Amino acid sequence: MDLYHTPAGALDKLVAHSLHPAPEFTAAVRRALGSLDNVLRKNGAGGLQRPRVIRIIKGGAHARGTALRGGTDVELVIFLDCLRSFGDQKTCHTEILGAIQALLESWGCNPGPGLTFEFSGPKASGILQFRLASVDQENWIDVSLVPAFDALGQLHSEVKPTPNVYSSLLSSHCQAGEHSACFTELRKNFVNIRPVKLKNLILLVKHWYRQVQTQVVRATLPPSYALELLTIFAWEQGCRKDAFSLAQGLRTVLALIQRNKHLCIFWTENYGFEDPAVGEFLRRQLKRPRPVILDPADPTWDLGNGTAWCWDVLAKEAEYSFNQQCFKEASGALVQPWEGPGLPCAGILDLGHPIQQGAKHALEDNNGHLAVQPMKESLQPSNPARGLPETATKISAMPDPTVTETHKSLKKSVHPKTVSETVVNPSSHVWITQSTASSNTPPGHSSMSTAGSQMGPDLSQIPSKELDSFIQDHLRPSSQFQQQVRQAIDTILCCLREKCVDKVLRVSKGGSFGRGTDLRGKCDVELVIFYKTLGDFKGQNSHQTEILCDMQAQLQRWCQNPAPGLSLQFIEQKSNALHLQLVPTNLSNRVDLSVLPAFDAVGPLKSGAKPLPETYSSLLSSGCQAGEHAACFAELRRNFINTRPAKLRSLMLLVKHWYRQVAARFEGGETAGAALPPAYALELLTVFAWEQGCGEQKFSMAEGLRTVLRLVQQHQSLCIYWTVNYSVQDPAIRAHLLRQLRKARPLILDPADPTWNMDQGNWKLLAQEAAALESQVCLQSRDGNLVPPWDVMPALLHQTPAQNLDKFICEFLQPDRHFLTQVKRAVDTICSFLKENCFRNSTIKVLKVVKGGSSAKGTALQGRSDADLVVFLSCFRQFSEQGSHRAEIIAEIQAQLEACQQKQRFDVKFEISKRKNPRVLSFTLTSKTLLGQSVDFDVLPAFDALGQLKSGSRPDPRVYTDLIQSYSNAGEFSTCFTELQRDFISSRPTKLKSLIRLVKHWYQQCNKTVKGKGSLPPQHGLELLTVYAWERGSQNPQFNMAEGFRTVLELIGQYRQLCVYWTINYGAEDETIGDFLKMQLQKPRPVILDPADPTGNLGHNARWDLLAKEAAAYTSALCCMDKDGNPIKPWPVKAAV
């Protein structure tokens, strides 16, 4: 079913036979959705008010008639009478969704014959998601169930919604596409009234898109619906016939994708420029970075979203496809794309025409001229329109020509030579522009700068190896300018000390200038002046006004030119500070200066000393707003940052430069009202990333940047705070922190002021920009691959309250279930292939292939986990033979693995290690859709000592007597007992396996802390210790997670007494085994015997003291403390059996 190898003439057959959904699955889904529809209508949405279901509309690819075989989607939009406005939809969904989920749980027990039901994690709030799949999992459909406000009501066919529907939508201040569900009916009608063959072309495009998805793991691709709209546009502009060549249509769509940076497409079938509010909004939308593809049903939803999606990945693949078999005629000639307004021309890289929807709907300047950007620099006009950039072109407004005339005109002039030849097409519903951006402007973005600031070169275009020099050359302020600023600040302070009425105690310099994170072009300085008259937090506000008036008067009188080449300008004032600007005569830089009178809460502190606890208890009891008294702690804030290594502060400059470019791109646009998070939040995020993921003086700048960008994308999970200045041991601080930790994420607390949480601002927009930057060269290594981020989680275990540990495990440690299912399916395929094909022409036989490691036990952690594939071979007849002929055996298994890789189809990315080691064979299975999710496998040939063992039965004692007589090193033949090791853990309750995950995560954090000091005990030893703690202390399948964790830490602290073993598989009944066990148990503590292999002592010869030290530190952390600050009590478990 490979598209590229299908001849152009066979594409219709490919669509008919391979892309249309399986009829029996479609019928089963239709029956299931009909049944669910009845249940929902009958029961309503539950709850106290029992809202009435007005109607239910089906959307998504399934309803639009563009569903692909394999996997597709459907949207069930439930219009309820209790939702009377767009605002209601935001606030009322929690109770409604809870009631609907209860209905779904009942209905999902039996969704219909041939179907399975499983809930999925919601991609957005206000939505319930589940999956219906065929029993063989070959076909599935993701169902999104959305309660919605019936904005449209009962629409008549071909009747536009009233304009007030859209003006009401825009006045609701919604996010882009937030209420798209309300317009599902329009979206569905827009697509499924199209000719059958056009929908076949859509299937072909989506099949190509799916093939790209399987090859790209990390990139965030545009939604497939964007490609449906692009396909419709291509057909409208270039064909409009019911019968056409699929190859030609596909070639046209891919050419548009290749030229995506010039796309600006919209339709006016449902909304237009007639209404002033809608018209003004559309004008702003059409100025967004390319590509712009507006949903024909909801103008707030830009499917192109040039700043969020990796269109460049699709464009690269589109370009690669043009010479493939699917675009070759039988004669060998290449298929040419359609020609038409706004479409690429054969052999010409630029798009054919800049086009607008119609003269009366076009964007007009003050003189009534249409503003369209030129296709080439040579087309720039000599007299640009007033108020427009120099690159804008003036085109005289002209009456609407008829459709027929427009098409004739366009056919004659595909690539216009003069602007006057450009025509206006009333039927095309599109405006396409060509930008002439500078080399420093990234694809899809306009180059914007704030007056008085220097943006510098575009970060996305800087190779990763040049980032250090880029920071030095373009981001660091000049030492001469910094000296000027210091001189000006000293002059200002001297003036205030001498001239002001009130006595100044001391001064603190803060802001980015004080912290050493100021960027070239524009920086901020915070001068906090501590006055004797401001004696406490509560009294600070009462005297501030008169002090500020005095300050302003003195500065205006005495300090107009505080330093040579710098002038002082007063700007808009706020109630608690004086705001000024230091402006150099050449206007090359700008310094925003805030002067704040404040209460000296901290006093002069010695280096490294903490403020007194009463400082913070006084702050919390003052009843202040969040961050209201942040200025009082400016010195602590400055010291927290400027004591960091120079390279870490360079990384902060890089992050802030990216942040500044994002802010400039959206300045004055539709998102301008939704301010970005404060830049200081990104400084703290950068410190957190470095502390948790690196901690070294020298590091890769690209890796650090990518880590910060990844954390920005995880903003909904961020929980970050430090206790360098305040402590959880203080009851008032602890109670305050626990309240803060109950808030929605992100949570980033100022390390100097615990009341200041930097959750404000449009984190979603910043996350979209972070995702867009991840595909650029600044984050690519020399071989073109993305540099790896540091291993940093968005929240820390020791900062998680004890009562939240189950949630912490579920959110951050539990692997994705769908990925685990994919891995299991892939491993089953590999095992079967190896068993059937290895040593086919040899006397050696593969007896069985067994999966081991954390993945098999059910204790794998989210992210990168490990597993073993143990291949039991007939050529090994005893333990001592296991090492013989290893190189030849590994070579044969590798050859078959490579054959399996080529011949079999996998839902995951299957990579065999290229490491040249004749004794080791490894491969990795990686998710194609989830970032950072993979399992590393080691393939291990082994002697089948156990044979076919029945479940629950003990091995023959002779197995262990042979083992004892054969082994030389502890655990030498442990691979032979993989099945027993796996079953010992996998049979345990689910919650116990969650506790094992928690202990393993803690262990991995400890490994980072003690790196270089010695080898910690093996991780498997801690798994066994956790099982022992539960067996001896609880045995309840539903135990308290904090108590279980605390017990394991307690046992680690008692490592000198540890003696743990089991007799589930071996015992003292046999004399040889009994004597051996006595010898093992008499060895120095700790002793933890492998329950499957008595030769394996997992407590021997490791730095338990380092682990015990870390365990002791954790017992006083929030995760081991109840809400009153008392330590969680461990279970009563003895350290020895």
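Note that Cβ sites are derived from N, Cα and C of the backbone, with glycine treated the same way.
Marked as N-acetylmethionine by Swiss-Prot on the basis of similarity to another entry: Met1.
Feature annotation from Swiss-Prot assigns region 'Interaction with dsRNA' to 12-56 (among others); the stated evidence is similarity to another entry. Residues 1, 3, 6, 62, 67-69, 72, 74, 76-83, 95-96, 98-100, 102-104, 107, 111-115, 132, 134, 138-139, 141, 143, 147, 150, 200, 203-204, 207, 246 of the same chain lie 6+ residues outside the region 'Interaction with dsRNA' (12-56) yet bring a C-beta within less than 8 angstroms of a C-beta in it.
Taken from Swiss-Prot, the feature site 'Interaction with dsRNA' applies to Gln154 (among others). Under DSSP, Gln154 (site 'Interaction with dsRNA') is assigned to coil, being neither helix nor strand in the three-state scheme.
The feature region 'Interaction with dsRNA' is assigned by Swiss-Prot to 185-199 (among others). Residue counts for the region 'Interaction with dsRNA' (185-199) under DSSP, helix first, then strand, then coil, are 12 helix, 0 strand, 3 coil.
Residues or ranges marked as site 'Interaction with dsRNA' in Swiss-Prot (evidence: similarity to another entry): Asp242 (among others). Non-local neighbourhood of Asp242 (site 'Interaction with dsRNA'): Pro195, Val196, Lys197, each in the same chain, at least six residues away, with C-beta under 8 Å from its C-beta.
The region 'Linker' annotation in Swiss-Prot covers 342-461.
Taken from Swiss-Prot, the feature region 'Disordered' covers 434-462.
If you look up Swiss-Prot, you'll see 434-453 marked as compositional bias 'Polar residues'.
Marked as region 'OAS domain 2' by Swiss-Prot: 462-792.
Positions annotated as region 'OAS domain 3' by Swiss-Prot, on the basis of a curator's inference: 800-1134.
Annotation source Swiss-Prot lists ATP binding site at Ser854, Arg997, Lys1000, Gln1019, citing similarity to another entry. Within 10 Å of the C-beta of Lys1000 (ATP binding site) there are 21 other C-beta atoms, taking all protein chains into account. In the three-state DSSP scheme, Lys1000 (ATP binding site) falls into the helix class.
What Swiss-Prot records for Asp866, Asp868, Asp938 is Mg(2+) binding site. Taking a C-beta cut-off of under 8 Å and a sequence gap of six or more, Asp866 (Mg(2+) binding site) has these contacts in its own chain: Gly853, Ser854, Ser855, Ala860, Val935, Asp936, Phe937, Asp938.
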Lying 6 or more residues past either end of the region 'Interaction with dsRNA' (185-199) yet within Cβ distance under 8 Å of it, the residues of that chain are 57-59, 63-66, 152, 155, 161, 228, 231-232, 235, 242-244, 246, 249, 267, 269-270, 295-298
Counting other CB atoms within 10 Å of each candidate's CB, the least crowded of the recorded positions Gln154, Ser854, Gln1019 is Gln154
Tally of DSSP helical, extended and coil residues in the region 'Interaction with dsRNA' (12-56):
29 helix, 4 strand, 12 coil
Same-chain shell around ATP excluding Ser854, Arg997, Lys1000, Gln1019, C-beta within 8 angstroms of the CB centroid, reads Thr859, Ala860, Leu861, Ser865, Ile996, Val999, His1001, Tyr1003, Leu1022, Glu1023
Of the binding-site residues listed as Asp868, Arg997, Lys1000, Gln1019, the one whose CA lies nearest the CA of Gln154 (site 'Interaction with dsRNA'):
Arg997
Taking all protein chains shown into account, the Cβ-based neighbour count within 10 Å for Asp938 (Mg(2+) binding site) is 17
Where does the mean pLDDT land for the region 'Interaction with dsRNA' (12-56)?
85
For Gln1019 (ATP binding site), just give me the three-state DSSP call.
helix
With a radius of 8 angstroms around the mean position of the C-beta atoms of Asp866, Asp868, Asp938, what other residues of the same chain does the Mg(2+) site pick up?
Gly852, Gly853, Ala867, Leu869, Ser922, Asp936, Phe937, Leu940
Measure from the Cα of Asp868 (Mg(2+) binding site) to the Cα of every one of the binding-site residues Arg997, Lys1000, Gln1019, then give the nearest.
Gln1019
